[in-house]
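K.L.:
Please see the structure below; I have some questions.
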Amino acid sequence: MNVTIISVGKIKEKYLSDAIIEYSKRISRYSKLDIIEVADEKTPENPSDVEKSKILEKEAERILKYLKKDSFLITLEILGKELTSEDLAKKINDLSISGKSDITFVIGGSLGLSKNISEISDFKLSFSKMTFPHQLMRVILLEQIYRSFRIISGEPYHK
């Protein structure tokens, strides 16, 4: 299994970088993992709808450069489908069994994702109806991917 995470924006906080490094190491026992950071656009305070749209489109162009044609695309979206950890593990396992050996997760920037990216998504995943900082979302996603591989492998995990 190959897992790619495309994320808008850089991680600036050391504690988040440390967590990302740790979960990346743990996941490497089960899967090849690539994390791709694309630059975020500077967002003015109180942007207009037109400004928001332009920002999302610029970020989408950067994301599109890294999407692989045969990868199963999962976008993280507040209006996506909420899954339990077991459901996510099943989804990943089912994809593997059906011959999909490549999964790409996309995390948008502070304004979310462009419709252009959302529309080509194979699956829209939501972790919560709440909003999280996109930098923290990367850590949460990595932890859930790691947990999924442990569940798939029949290994113990914290419930």
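From the backbone N, Cα and C atoms, a Cβ is placed for every residue, glycine too.
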K.L.:
For the S-adenosyl-L-methionine site, Swiss-Prot lists Gly108, Phe127, Ser128, Lys129, Met130, Thr131, Phe132; sort out which one of Leu73, Leu76, Leu95 goes with them.
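P.N.:
For S-adenosyl-L-methionine, Swiss-Prot names Gly108, Phe127, Ser128, Lys129, Met130, Thr131, Phe132; of Leu73, Leu76, Leu95, the listed one is Leu76.
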K.L.:
So, in DSSP terms, is Phe132 (S-adenosyl-L-methionine binding site) helix, strand, or coil?
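P.N.:
Coil, per DSSP.
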K.L.:
Using a 10 angstroms cut-off on Cβ to Cβ distances, just flag whichever of Leu76, Met130 is the loneliest among these binding-site residues.
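P.N.:
Among the binding-site residues Leu76, Met130, the lowest count of other Cβ atoms within 10 Å belongs to Met130.
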K.L.:
Who sits close to Ser128 (S-adenosyl-L-methionine binding site): which same-chain residues at least 6 apart have their Cβ under 8 Å from its Cβ?
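P.N.:
Long-range Cβ contacts: Ile78, Glu82.
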K.L.:
Across all the protein chains here, work out how many other Cβ atoms are within 10 Å of the Cβ of Phe132 (S-adenosyl-L-methionine binding site).
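P.N.:
Here the count is 15.
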K.L.:
What same-chain residues, at least 6 away in sequence, bring their CB to under 8 Å of the CB of Gly108 (S-adenosyl-L-methionine binding site)?
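P.N.:
Result: Val8, Leu56, Glu59, Thr75, Leu76, Glu77, Ser114, Ile117, His134.
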